[in-house]
Amino acid sequence: MKEIAIIGSTASGKTALSLEIASKTNSIILSLDSLCVYKEIDIVSAKPTLEERGEILHFGIDEVYPNVEFDVVCFMELYKKAKEYALKNDKNLIIVGGTGFYLKALIDGLSLGIESKIKLDISVSEAYDLLYSLDEMYMKKIEKNDKYRVEKAYAIYKQTGLTPTLYFEKNPKIPLAKDLKIFEILWEKEDLKKRVASRTNTMIKSGLIDEIIYLEKKYTRAPNCMSSIGIVETFEYLDGKLSKEELEEKISQNTMKLAKRQNTFNKGQFLNKTSNIIDNLNSDILKYFSI
């Protein structure tokens, strides 16, 4: 069995490439996308349709409802499930998506034993300041408004009495994916900008606004996934703060900002990877599978 990851910024063509490669290499697919995992979040997540997926088995799509929490630990369990299936059924495994943090966790591992359900009993800024005073070296790597990571660091401190740095020294991370070849799709900025604009336009024409109205009515705005790009801007439109034209423009702008963050993360975190334009990358991947 071979396993690969296809990464790249949002709207770079990862999904289409993964489907094409999977059909030629007897592969199953694990979606590396923190939004595709949710049922009923279809248009805004740009998840492949059932028709597009065809007979290719997918893990990580439509796993939970939007009011159910899904985090990196849940993703690790999904990876184990997908890999077990691939091994039992003599399949290859393609991991594809833009949530680089999940992929990083697969490669580097997570320290186990912390109760993920411990929540902040003080504000995010207060928790950050407290942790910074105790462990400046670790907290310098976290943005002050990054609620998820501040909450995790705070949970470590509350449960163990140790600073994150000391905790990770005593509980080294255990990597899960050890032989994972990473392929990255590259695009020129202006070309990607056109792709993002086109995808945003297609989303709106396909019923994005109606989808968000439905999701809000059923789940409210409270779940973490309801703060995703495409959803928050639509809430602004529904609140009368944006025109339809401004909605489309703002989603595209925020998507490009996300693409920049993804590219920066991929560049800094995944050093041993093959990067190429999409047409050439297709050939690179097929060559790897033929070795």
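Going from the start of the chain as shown, residues are counted 1 onward.
Placed from the backbone N, Cα and C atoms, the Cβ positions cover glycine too.
Among the ranges 21-24, 33-36, 173-176, 237-240, the stretch that Swiss-Prot annotates as region 'Interaction with substrate tRNA' is 33-36. Packing against the region 'Interaction with substrate tRNA' (33-36) from elsewhere in the chain are residues 44-47, 60-62, 70, 97-99, 102, 225, 228: each is 6 or more residues past its ends and has a CB under 8 Å from a CB in it. Listed in sequence order, the residues GLY8, SER9, ALA16, GLY98, ILE185, ARG195 complete the 8 Å Cβ shell around the substrate site centroid, once THR10, ALA11, SER12, GLY13, LYS14, THR15 themselves are left out. Looking at GLY8, GLY13, the binding-site residues in this record, the fewest other C-beta atoms within 10 angstroms of the C-beta turn up around GLY13.
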